[in-house]
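**Q** Have a look at this one before I ask anything.
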Amino acid sequence: MKAVTVIPLVKDSLALRDMPKPSPKRYQVLLSPIEVGVCGTDKDIIEGRYGAPPPGEEYLILGHESVAEVVELGDDVDNVSVGDIVVPTVRRPTTCTLPITEVDYCPRGTYAEHGIWYLHGFATEFAVTDSQYLVKVPKEAIDVAVLTEPLSIVEKGIDLALRLGKARFESWSPRRVLIMGAGPIGMLALMVMRLRDFADITVTATRPYDSLKAKLVREIGATYVNTNIDQINGDFDIVIEATGSTSAAYDALRHLGADGVAVLLGIYLDSKNVNIRPLLDDWRRNKLIIGATNASIGAFEMGVADLVKAKFEFGGWVRKLITKEVTLDEYEYAYNWGHEDIKSVIQIRSL
């Protein structure tokens, strides 16, 4: 079978290789991936920054964002059927003993992750995974279900922000929202906040006001600010940082008002020396800072439900977030996206 692979920690080893077709073991299923999303994590692995193959193997199959069809069941699988369309979660505990609903809190070194650490991913014609980590996709969301994995991170972060913000004091009533970044995470955060009935939302990026990103922000009722030209005005009750830039994360805290909640959703590899004085001020003004990376199956379920709602509320807007689609044979193009792109997807087979 064809598979998009790398030799982990070897820069630029990306290649389409012929790999043996796997067979499902007990409690596992064989999947036929339909679409696989591409993100910055994949780029980092391709650049040799991190990643690990399954034990005893040289190659790692990429792809942790996927929607797939169940095509074969291993023994004792009773929660899905052949023909079901599903989204697999990413993380699998190895020595971690937390329940399935909390595996996103497993300590580092106690888990494996599809397409990242010790488990093959889904950028291939066939893949196996544990059946209990699958979320069924209703037919009305199949064409956008590839967005579920990045959306799960957003769901987790926003859910934590709203619940923990309220837990501090019942009268907390956030209104103004700032989302920094108009990539896939930022746009999905905008979608979720609009579904949660937030009306005063500002999204910032560096693209022109006539760009696709700016148009999509305005299309569902938010304000777009090009930070190359204009400044962000005022304080916000909730700030969602989705750029992955250390300086932007630092800047996000400057725009957080008293009693506000900041949600950091980026992977911050560009470490820089920063003045911590503003952070000390945050504590004195009752600010709450939350980070979220991996998400549990509950957040995936929330994501699928919100994709269904968003298609009803916003029509074709959600699908417009997928700006680049390539075939498996054209895989290299998926990992080279420009500033105007939002989400790149490899279409493994037709829907």
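Every residue gets a Cβ built from N, Cα and C, even glycine.
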**Q** Among Glu72, Glu113, Glu330, which residue shares the substrate site with Thr41, Glu149, Asn294 according to Swiss-Prot?
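**A** Candidate listed by Swiss-Prot for the same site: Glu113.
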**Q** Taking the Cβ of Ala182 (NADP(+) binding site) as centre, how many other Cβ atoms lie within 10 Å?
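**A** Taking every protein chain into account, the count is 27.
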**Q** Using DSSP and three states only, what is Pro184 (NADP(+) binding site)?
**A** helix
**Q** Return one of helix, strand or coil for Glu149 (Zn(2+) binding site), based on DSSP.
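**A** SS state of Glu149 (Zn(2+) binding site) = helix.
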**Q** List the Cα distance (Å, whole number) between Asn294 (substrate binding site) and Cys39 (Zn(2+) binding site).
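**A** Roughly 14 Å, rounded to the nearest whole number.
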**Q** Taking each of Cys39, Thr41, Glu65, Glu113 in turn, which of these binding-site residues have a Cα lying within 10 angstroms of the Cα of Pro184 (NADP(+) binding site)?
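**A** Passing the 10 Å Cα cut: Cys39.
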